[in-house]
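Asks: Feature list, courtesy of TrEMBL:
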{"type": "DOMAIN", "residues": "128-212", "note": "domain 'CAAX prenyl protease 2/Lysostaphin resistance protein A-like'"}
{"type": "TRANSMEM", "residues": "12-30", "note": "transmembrane segment"}
{"type": "TRANSMEM", "residues": "42-61", "note": "transmembrane segment"}
{"type": "TRANSMEM", "residues": "81-105", "note": "transmembrane segment"}
{"type": "TRANSMEM", "residues": "132-152", "note": "transmembrane segment"}
{"type": "TRANSMEM", "residues": "164-193", "note": "transmembrane segment"}
{"type": "TRANSMEM", "residues": "199-219", "note": "transmembrane segment"}
{"type": "TRANSMEM", "residues": "240-260", "note": "transmembrane segment"}
Amino acid sequence: MNLQNFKKIKLINSGIIYIFYIVMLLIFPIKEYVSSSLVSSVIYMFIFYGGILFLIISKLYKSDIQIKKVIGNLSKKNELVKIFSITITLVIFSVGSLLSSLYFFNILFPSIINKIIGFINEIPSNNITLDIIRSVFLVPIVEEVLFRYLLLGKMTIKLGIKKSIIISSIIFSILHINFIGSFVFAVVLSLVYLKTGKLILPILIHSFNNVIAIFLKWLEKFIPTTTSLIDIIKKGILPFKGFGLICFIFSTILIVIYIYKLWLQLDD
């Protein structure tokens, strides 16, 4: 990581980008809940992400940093295999950790879980094209530049690499539903970025992860209506039964080994 680049970027101006992103991130789900109009959702989406990308690119340009060099490119064929393997492992862990957390929360606070699931079920489903454009193309680029490049880079100057990875990953996970899965996801992508020195791999892993998430989301349409999300949580189908449990444990072991191996290589 070239820390000299981040010294050129003013923290106050960068903070404006994050404030804008967080505010719009909070408004977007409400907008979708209130109105399911495809046209209004598309317009709002491009204003939101288009505005964020414009602010990011203009900020980098003023700091004499080329966005192409920040993102980089795939230089090795085996990097695609790495992207696939890391993403699959993260998805299995993420789903397992989410259902595991909900399973235990359902035991402790069943009424709260029922209300949360009920609220989620009432949110209108997006057009799949809209989901793909936003989650596969726009979100990965915006979030990786914001969290893995700008935030991680600026914090590293003050706090060092290891503390910056942890804090930036916590901030990232707070803005996402699955706290544990999102935190581990952010840590892994931070390590991938630091190891390669380019954002293209974290962006593609993030994008592929969202492709799988969209697939699972739309797969629900083919699940019998008698199998509700609450039933899955109460029965613990994925994390506590057979093959799902094995996959969850195996993915956890792989992620721990991967993080530990790369963590030891960090200079702090």
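If you go along the chain as it appears here, the first residue is 1 and each next one adds 1.
Keep in mind that glycine also has a Cβ here, set from the backbone N, Cα and C atoms.
In terms of burial and nearby residues, how do these features look in this structure?
Replies: Long-range contacts of the transmembrane segment (132-152) within the same chain, counting only residues at least 6 positions beyond its ends with a Cβ under 8 Å from a Cβ of the stretch, are 6, 9, 14, 17-18, 21, 45, 49, 52-53, 56, 70-71, 164-165, 168, 171-172, 186, 189-190, 193, 199, 202-204, 206-207, 210-211, 213-214.
Sequence-distant contacts of the transmembrane segment (199-219), counting only residues of its own chain at least 6 positions beyond either end whose CB sits under 8 Å from a CB of the stretch, comprise 70-74, 79, 82-84, 86-88, 90-91, 94-95, 128, 131-132, 135-137, 139-141, 143-145, 148-149, 185, 189-190, 192-193.
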Asks: For the domain 'CAAX prenyl protease 2/Lysostaphin resistance protein A-like' (128-212), what is the mean per-residue pLDDT, to the nearest integer?
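Replies: So the average pLDDT across the domain 'CAAX prenyl protease 2/Lysostaphin resistance protein A-like' (128-212) works out to 92.
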